[in-house]
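Per TrEMBL, the feature transmembrane segment maps to 6-28, 49-70, 82-102, 109-129, 135-157.
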Amino acid sequence: MEVVSAWAPAVGFTLLPHAGGFLGGTITKKEIPTWYQTLQKPSWCPPNWVFAPVWGTLYTSMGYGSYLVWKELGGFKEKSVVPLGLYAGQLALNWAWTPVFFGAHKMGWGLVTLLLTTGTATATAASWYNINRTAAYLMVPYLAWLTMASALNYRIWKDNPSKKKPE
């Protein structure tokens, strides 16, 4: 029983980010063959099949990083409020992007959401660095992907003025 309880937090923290990903996936799956397929995208836009494995990897990585920080700080204590609060904030913003961009077709607001996510994720990684460097480094691929996603969101927004719902 003790082995299970020792692993439960690691598994829980690692899987938590996937919850929003799965929910967002239901929106995305509906919109790709209809709305998203009609959008003009830059030549460097990754193919649709790339997004699920990339997000799965990034969610796993950041989730495990949050576990490392939680463990290093001794759980949910006063000193974990800022690093785990920033993490929760960036995760909520991350989960909000899909309903904004794909669900509401609000490309400009999607970009705002992504930029806020990127800023909060950067602050998260910075706050984690002195607590657990591995956790901070686990955020680096996510930050790189958010940078690419922001540029892609911007290009799609600018290149598809007729596909926007009124902002």
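Just so you know, glycine gets a Cβ as well, placed from its N, Cα and C.
What you are looking at is a predicted structure, and each value in this text was computed from that prediction instead of being measured.
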Close approaches to the transmembrane segment (82-102) from elsewhere in its chain (Cβ under 8 angstroms; 6 or more beyond its ends): 16-17, 20-21, 23-25, 27-28, 31, 35-36, 62, 66, 69-70, 73, 76, 109-110, 113-114, 116-117, 120-121, 123-124, 127-128, 131, 153
Applying the under-8 angstroms CB criterion, which one of 6-28, 49-70, 109-129 scores highest with the transmembrane segment (135-157)? 109-129
If we skip the immediate neighbours and take only residues 6+ beyond the ends of the transmembrane segment (49-70), which ones have a Cβ under 8 Å from one of its Cβ atoms? 9-10, 12-18, 21, 25, 76, 80, 83-84, 87, 91, 128, 131-132, 134-136, 138-139, 141-142, 145
Take the transmembrane segment (6-28) and find every residue of the same chain, 6 or more past its ends, with a Cβ under 8 Å from one of its Cβ atoms. 36, 52, 55-56, 59-60, 62-64, 66-67, 70-71, 91, 94-95, 97-99, 102-103
